[in-house]
Amino acid sequence: MIIKPIKRISGAITVPADKSISHRAVMFGSIADGTTRVNNFLAADDCKRTIEAFREMGIDIKVKSQKAKGNSLEIHGKGLHGLKEPQGPIDCGNSGTTMRLLSGILAGQNFYSMLTGDESLSVRPMSRIALPLRLMGADVRGDYPPLKIRGGRLKPVDYKSPVASAQVKSCVLLAGLFADGITSVTEPLPSRDHTERMLELFGVKLKRSGLKVSIKGRQKLKARLLDVPADISSAAFFMVAASIVKNSKLTIKSVGINPTRSGILDILKKMNARIKIKNKTSTPEPMADLIVETANLKSTTIKGSFISRAIDELPVIMVAATQAKGTTKIIGAGELRVKETDRIKSMSEGLNKMGANIKVVGDNIYIKGPSKLNGACLNSRGDHRTAMSFAIAGLVANGQATIENTECILTSFPDFKKTLSKISKL
Ligand code: S3P
């Protein structure tokens, strides 16, 4: 992908539907009783893997694409025990969410399954979910993909997760649906709560108390009608773009602003960004229009729950920090090292190649700005968010940036380049 510097950004856009919520809609709809309908589903590669996985287990899922309305789904759920044994390995592609959440459901099934992934997913740690599932009595082989799961009757667990990870929390809660008794998960910091919200929408009772969530096993899910908001993680690229490109004003419509995901709004505001939040609604996921204008950004410190509430947005926040006055500190961002690529490494190396001043000490990142960036040849290492973050950096660089390996953008934002072109004024 070639990115040329632009003069300003202006207009209004809608970014794709939320990836996390789309995955969950397919999974929960498949194990619910009855027909679940989903409006505004993200029909990108990652979520298509989740659909295929459930189709392979006998669930009838219809995808309808309508230009004006986006994609909608009709899922004919078969209840907690309606899945059938898959004929072969389930290929999760690049999708960690598919593999980790699905494992929780498979642990409760009376059959054998094997989950595989692409090159990037195959080196991502699965011990974080295998461990609690083994404690619950499932036979889970493999601490990295492929994962082999022989499920069955599970026993409940009171699990203290060492990492703030919605994928781990969700996996354990889903397995808890198949256990006799009450399963709990406690996290060190709050992670996104889409699983909790959606399970409640499907009629499942949960107990939430601070960082602990508990679920009673054997509760049935009732089919529902769902609306998926636009993905704040995809909106993030454009929030940063409109903040750093001079003379810009951009509206991003109907963005999910769930407080466990909206760290980027708070971080950018601390950095002096000009963001207005308008037309708030709740579906039960809160959403709103975001109006972003160019600002003189200043540095900030990002740590603790700001890390977990903005985990997928940190790469593009690093881009914003290169244009902010002072030293932005991102402290304790180790989880970035186990994403689609080691994002601390890929982002700091790429941005430094463009002329940024970034130092990495262990899992802490120090970004001194503002820096004049230069166009360079950058490699995404197959990571969609790294690729799109480099594209945003390219908008304020001198000269042309070439980003290699951008196929991966299809996993979350197939129309990224088109959306960017629409609002870029040369
Ligand atoms: C996700 C949770 C996050 C996030 C990922 C999607 C989810 O991962 O990085 O892109 O849908 O639950 P962790 O739970 O590992 O932090």
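Heads up, the Cβ atoms here are built off N, Cα and C, so glycines get one too.
Under the heading domain 'Enolpyruvate transferase', TrEMBL lists 4-420.
Here Lys339 (3-phosphoshikimate binding site) comes close to Gly96, Arg124, Asp312, Asp383, Arg385: these same-chain residues lie at least six apart in sequence, with C-beta atoms under 8 angstroms from its C-beta. The 3-phosphoshikimate binding site annotation in TrEMBL covers Lys19, Ser20, Arg24, Ser165, Gln167, Asp312, Lys339.
Same-chain residues at least 6 positions away in sequence with a Cβ under 8 Å from that of Arg343 (phosphoenolpyruvate binding site) are, in sequence order, Leu314, Pro315, Leu336, Arg337, Asp383, Arg385, Thr386. Annotation note: Arg343 (phosphoenolpyruvate binding site) sits in a helical segment as assigned by DSSP. Annotation comment: TrEMBL describes Lys19, Gly96, Arg124, Gln167, Arg343, Arg385 as phosphoenolpyruvate binding site.
All protein chains shown were included, and the count of other CB atoms within 10 Å of the CB of Asp312 (3-phosphoshikimate binding site) stands at 24. The feature active site, proton acceptor is assigned by TrEMBL to Asp312.
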Running a distance check here. Ligand 1 versus the binding-site residues Ser20, Asp312, Arg385: which have CB less than 6 Å from one of its atoms?
Ser20, Asp312
Max CA to CA distance in Å over the phosphoenolpyruvate-binding set Lys19, Gly96, Arg124, Gln167, Arg343, Arg385?
19
